[in-house]
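Peer 1: I have a structure I would like to understand better, so I am pasting it below and will then ask my questions one at a time.
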Amino acid sequence: MGKDLRIKSKAFDGTMRAPNRAMLRAVGLTDEDFKKPMIGVASTWAEVTPCNIHLNDLALLAKKGVRHSDAVPLVFNTITVSDGISMGTQGMNYSLPSRDLIADSIETVVGAENLDGLVAIGACDKNIPGCLIAIANAGVPSVFVYGGTIAPGNVDGKDIDIVSVFEGVGQHNAGAIDDNQLRKVECNACPGAGACGGMYTANTMASAAEALGISLPGSSSNPAESEEKQGDVEAAGEAIKDLLEKGIYPKDILTKKAFENAITVVMALGGSTNAILHLLAVSHAAEVDLTIDDFNRIQKKVPHLADLKPSGRFVMQDLHRVGGVQAVMKLLHENGYLHGDCLTVTGKTIAENLAEAPALKENQQVIMPFDNPKREDGPLIVLKGNLSPTGAVAKVSGVKVKRHTGPARVFNTEKEATQAILDNKIKEGDVLVIRYVGPKGGPGMPEMLSVSSILVGKGMGESVALLTDGRFSGGTHGLVVGHISPEAQDGGPIAFLQEGDMVTIDSNKREISMDVSEDEIKLRQGKWEAPELHKKGVLGKYAHNVTCSSKGAVTDYLNRE
């Protein structure tokens, strides 16, 4: 008899556990199965979003892979929230909390059912960090599988995507397109299954997962509706058995060096600002000492190479065609930007995996060369100053303005700010501020894609700065600063900003400040009262437990310092 690979399901051995086994027999387990490791297949399948509509089929393929490796697969589901569908509505308040709900629910099932390993399948934005947090907390050998990117839509021979529709709303308001043109974009932007197609949050976090080594090589850029994606999930199911045999756990993979690799890849690809929030949260679960300042440290050294949307020309499917994320990682590793000695779910190191990976195709245009990058350093920067002492996040790729000073136009809700833009009350040079939308204040730190896209659609993407203690979608571009912390709800300086105060954003100095004296800030602070927190349900629990964005907006910080 071979080595017993069961880590936790040994708990079902013996006469005292006959009742437990009786219930497992009812779902199909046999005497032989009780000798094998039990592997959970966590799926975020749902019909509420195109990102996840195909995941049930992928879960069944993962189940097949687990069974093929002579282990016992047990499929279970968790929730998903569509950022794109909830955007601009009250539903967006539930988006970030869903990350932690996903993580908690997967960890709960793995723990409660005494599972020995895990294949976690996610697609939409919060699925991916939710799955990674669960993997880190559950602690059993695990592989993450990305559901894959959507294909681009097409109108009149031009590729479009979901952000084209958001920006179309602004173009429509400005009179640049009519009702029929907007409808044409709406009806053709999303042609099938898969996550939003640019280097937005889902594709960013999938790429980060591959760079971390917690997903299989090549899997982050394989499209949702492809044979390669089907192969990814079946191979992931088979890989778990190998991890069990070699005794490789998430803690062996999710190291400080691995997170530095992930940040490097995100910077090179021009990823979403949400990557900072999510990688901080995943590192917290993995008990890795990663801080918001690590992002600036790496940002200064890593060039932005990918000409991907939202600031570039191409989408993830185009990157797949020229070699995918593995080819980009190979290029980065060959030029000394990655730690090659990090362990991965293949049982090999990053360097060993990349030695077998193909290089980028010749004459491709998606990834720019080191001697002519899109930007000489990374596009995600952390700003600090008297408006955000513990850090704010900006994405500066494609933004020509390096310094902007203007009068604050202050709003306490996204709805009010949006209406002001549509009513042409926001002028060039203004600094549009949306506050009380942070993790606690929102609650849920909603994304401001609708607002930023309307500004871009109206031609004001670089003439009006947008600041918030909320978040931005990975599809956002323009002169935007989010994650301002401490947030207004916590009494951060943004709460004391008043209409007309002059605000300066300086990306070169990495500073964000208001031209208000310390004495005046203290005077305003003395008159300020915190609004009441949300009281009930999911959002109430979230508001009372979540930390600030500069710590990843996690809900289990507890007594850790």
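Here the Cβ of each residue, glycine as well, is placed from N, Cα and C on the backbone.
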Peer 1: To which of Asp83, Asp159, Asp161 does Swiss-Prot also attribute binding of Mg(2+) at the site defined by Asp125, Lys126, Glu447?
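Peer 2: Answer per Swiss-Prot: Asp83.
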Peer 1: Given Swiss-Prot annotates Cys51, Cys124 as [2Fe-2S] cluster-binding, which of Cys187, Cys196, Cys342 belongs to that site as well?
Peer 2: Cys196
Peer 1: Any idea what DSSP makes of Cys124 ([2Fe-2S] cluster binding site), helix, strand or coil?
Peer 2: coil
Peer 1: Rounded to the nearest Å, what's the C-alpha distance separating Asp83 (Mg(2+) binding site) and Cys124 ([2Fe-2S] cluster binding site)? Just drop the number here, would you?
Peer 2: 8
Peer 1: What count of other C-beta atoms do you get within 10 angstroms of the C-beta of Asp125 (Mg(2+) binding site), across all chains shown?
Peer 2: 33
Peer 1: Would you kindly give the Cα-Cα distance separating Asp125 (Mg(2+) binding site) and Cys51 ([2Fe-2S] cluster binding site), rounded to the nearest Å?
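Peer 2: That comes out at 9 Å between the alpha carbons.
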Peer 1: Just how many other Cβ atoms lie inside 10 Å of the Cβ on Lys126 (Mg(2+) binding site)?
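Peer 2: For Lys126 (Mg(2+) binding site), the count of other Cβ atoms within 10 Å is 29.
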